[in-house]
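Going by TrEMBL, these are the annotated features:
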REGION    13-124  region 'Disordered'
COMPBIAS  102-115  compositional bias 'Basic and acidic residues'
BINDING   His302, His362, His433, His649  Fe cation binding site
Amino acid sequence: MDIIQSKNLQCRTEAAKSFKGSARQQFRRGKRALRQRDKGEGNKAGLQSALLPPQAPYWRPVHGIPASHPKRLLEIGTSSPPDPTKDKVLRGAGGAHLQQSSDERRGSPWTGDKKTKSRKNSKHFTDVHGLPCIEKIVTSVEDIPEPISTNIIGIIPNWINGNFLRNGPGKFEMGNHSFNHWFDGMALLHQFKISNGEVTYRSRFLSSDSYKSNKEQNRIVMSEFGTVTMPDPCKNFFQRFVSRFELPKPTDNANVSFVTYKGDFYVSTETNIMHKVDPETLEATQKVDWSKFIAVNGATAHPHTEPDGTVYNMGNSYSSKGAYYNIIKVPPTKVAEEETLEGTTVLCSIPAEDKTKPSYYHSFAMSESYVVFIEQPIKMDLLKIATGKLTRKSISDGFSWNPKLNTILHLIHKLTGKVSSIKYLAKPISTFHQINAYEEDGFLIIDLCASDDGQAIANYNIQNLRKSGEALDEVYNTLCRVFPRRFVLPLTIDHCTPYNQNLIDLPNCTATAVRIGKNKVFCTHEDLHGEDLHKYGGLEFPQINYSKYNMHPYRYFYGCGFRHLVGDTLLKMDIQRKEMKVWECPSLYPSEPIFVPCPYATDEDDGIILSVIITPNKDKSTFLLVLDAKTFEELGRAVVPVNIPYGFHGTFSSTA
């Protein structure tokens, strides 16, 4: 038996190596491999019996096809012989029995739950030890579609009336298979309805095509950012093989944020699909495809809105000439009630520096006159992504960080759509969220959260988030900290502009901008924080008093401190004094802070902060926190009697 299994392994190795070319060529190679195997063994019947025990095929029975047929050979050659002591029998379509070996459950190339190995020899940015385990923040929960009451502790101001809406992953397994990355979890929408000092809570899984298909088939059907779709066990091998040459379909699992267009609420990710949502019931009412209105392959989940309701966004497009970054403009109002994105236009298209490896971007900045796009050295290999089904690689596998490249800041004039001929360069940085941008005295000032390393995305797989002890410390220490920074861009560069000297003459500004070429200016940043921020692990999820101070000079912003893989403190930053206020409580993990202004506010920070606080070490004790934005002291909390996973982004919709 050992000899037979050894020869069987050699046969499978030969078959695996021949997975090239067309399906017809593959079948011919399979026939040759079969003939070679049979000649070498001499006992064909005995070998077939060892390879394929009665009623126990590796994956599924292919009725009516003899074991000597190459189609059968190639199918059974994709996994190890089943171990009857370890295999789990699944029920497939039509009552057929499917075999899923323990190797497949652990992470066969055919499954969506492969193990993700930590990067070897990773650079360490910190030396933190003893981090508490937070695995429960990525534990699947059930949705609560009907509103439930909360327990109010303290005071919820009576003037706050509206819906605090949150979005994020809420289901991390489908059947016996798990998603690999935090970004992959099925979208769970949350609503905290605040009225007259009381709060109710409800949640609902987004009824996306991805969610419905996964739930119906009880497995991962559609690929996500870090998870490759599993093959359909109801298809024969040939169908599964051919399907690997199909281009991946974009997911509609919109689990990143809530956004508004023309007064309607949508949930969005970064593909071309959004879902219109009723903010009162959280029910999805319509699927909307950007590509039906403009030639883009997706759009960010962080648009910017003008005071009149006009919305700007960004999205990529791909053609035979390469990749382009597109500035999108959506009109403020509807002509007809049933409208969605009608009237949307592409303001301009910017060719990528590397046509086949465009930069990844999560958001962008906007001032009164300009859109600011940051082309950072996080690259997307389009060939790897397009061939992901064939190579069994996820979209995340196509991402890479190239620290040899500079960061490029592009300015686009909103009125004309003209891209500035000046390229503003900076050292390689990684940025996910911008804070604010505005124009002052001939300069464009852009504030953002940035780090000096762009490999953080890979560390946020679910396996890492569920680690404990030294393994968890190792993950955190290989993450570069993110800090708030300011870049100052001179708007007028002409033949009179001098070279090789700092062009910034703003008072108390330590940022620099030096002309190094006819159309090139190299910029260095100013830190928007003091040394004390290092104690809190940097800052992410920045928010401001958006309705009054976006695109204008401002003083305060709010965010989460990151002494863990997720936020563990709330921070208020004063950029004039470079001072900070902190809200913290051991073993509690706050979400992105949302600022809500008082009805008759006179100061920039007259208002409250809303944040959902996750309690992974306590059962059913998550709560909505309300802080006084000026003093940063707690006013009250609404305790929710259910568990809520850590989410991404949210918004407040006033009903007053």
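For all residues, glycine too, the Cβ spot is worked out from N, Cα and C.
Small disclaimer: the values here were computed from a predicted structure and weren't measured.
Within 8 Å of the centroid defined by the CB atoms of His302, His362, His433, His649, the record's Fe cation site, lie the Cβ atoms of Val256, Ser257, Thr300, Ala301, Ser363, Phe432, excluding the listed residues themselves. Looking only at the binding-site residues His362, His433, the densest Cβ neighbourhood within 10 Å occurs at His433.
With a 10 A radius on its CB, His649 (Fe cation binding site) counts 23 other CB atoms from all the protein chains.
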